[in-house]
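Undergrad: The feature domain 'GTP cyclohydrolase I' is assigned by TrEMBL to 38-210. Feature annotation from TrEMBL assigns Zn(2+) binding site to Cys104, His107, Cys175.
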Amino acid sequence: MIDKDHIPSRDDDDDDIDGYTKIDRYNPKLIENLSANYLNVLKQIGEDPEREGLLKTPERIAKAMLYLTHGYDLDAQNILNSAMFKEEYSQMVIVKDIEVYSMCEHHMLPFFGKAHIAYIPNGYVVGLSKIPRVVDAFARRLQVQERLTNQIRDCIQETLNPIGVGVVIECRHLCMSMRGVQKQNSVTTTSAFTGEFLKEKTRTEFLNLISSKLS
Ligand SMILES: [Zn+2]
């Protein structure tokens, strides 16, 4: 049953939930409420939630959903601030083929693919492993690909204050391929730039570098 006066949040309780302790810690009351809702969903789509294979499904979906949206608990600017270093390097830094897993906010179906991110330092560089973590912080929420692209660009621009930022994201959307138009192989590409990357020469260099294969 859902207690209408108190909707639990992720950090109401510090108890560990089995299997998810490494990833995050969720409030058991929230899992219980979400599970009750998913049980209703199962009934309403015509399933029998009492059959063996579905007995633990509401709880599994609840835990999966909390994991798939754990970006709400992350602060992308903090992630970058925690690993910024003074450095005179002033050439383009590119991290390419970063895996992206997100969910469209219109259908709550996954979209996934790759992000390619570049910046030109202005006195500061950031630990390279932090860039994929920034992608995750924004991707692990309900999203649209266009906003995801802009949020990553803006976060890097505002935190690192580089000479320019370039972000390109290529994703397949299950809401396109599993339903409706069923264009199985279409890929959506979005991009966002600041500063030096607004110039065609820099942007072309970036796009050439991310499309070249090293291996
Ligand atoms: Zn969608």
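Just so you know, the numbers here start at 1 and follow the chain as drawn.
Even glycines carry a Cβ here, placed using N, Cα and C.
TrEMBL annotations: computationally assigned, not manually curated.
Note that the structure is a prediction, hence the values are computed from the model and not measured.
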Undergrad: Below 8 Å Cβ to Cβ and six or more residues apart, same chain only. Which residues does that give for Cys104 (Zn(2+) binding site)?
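TA: Those within reach of Cys104 (Zn(2+) binding site), by Cβ under 8 Å and sequence separation of 6 or more, are Pro110, Phe111, Leu142, Gln143, Val144, Gln145, His173, Cys175.
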Undergrad: Name, in the order they occur in the sequence, the residues of the same chain whose CB lies under 8 A from the CB of His107 (Zn(2+) binding site) and which sit 6 or more residues away.
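TA: Same-chain residues close to His107 (Zn(2+) binding site) (Cβ under 8 Å, separated by 6 or more) are Cys175, Arg179.
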Undergrad: Using DSSP reduced to three states, classify Cys104 (Zn(2+) binding site) as helix, strand or coil.
TA: strand
Undergrad: With every protein chain in view, how many other Cβ atoms are within 10 Å of the Cβ of Cys175 (Zn(2+) binding site)?
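TA: Other Cβ atoms found within 10 Å: 16.
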Undergrad: Give the sequence-ordered set of same-chain residues, not counting Cys104, His107, Cys175, with Cβ within 8 Å of the centre of the Cβ atoms defining the Zn(2+) site.
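TA: Going along the sequence, the neighbours appear as Met103, Glu105, His106, Met108, Leu109, Phe111, His173, Leu174, Met176.
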Undergrad: Where does the mean pLDDT land for the domain 'GTP cyclohydrolase I' (38-210)?
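TA: Computed over the domain 'GTP cyclohydrolase I' (38-210), the mean pLDDT is 95 on the 0 to 100 scale.
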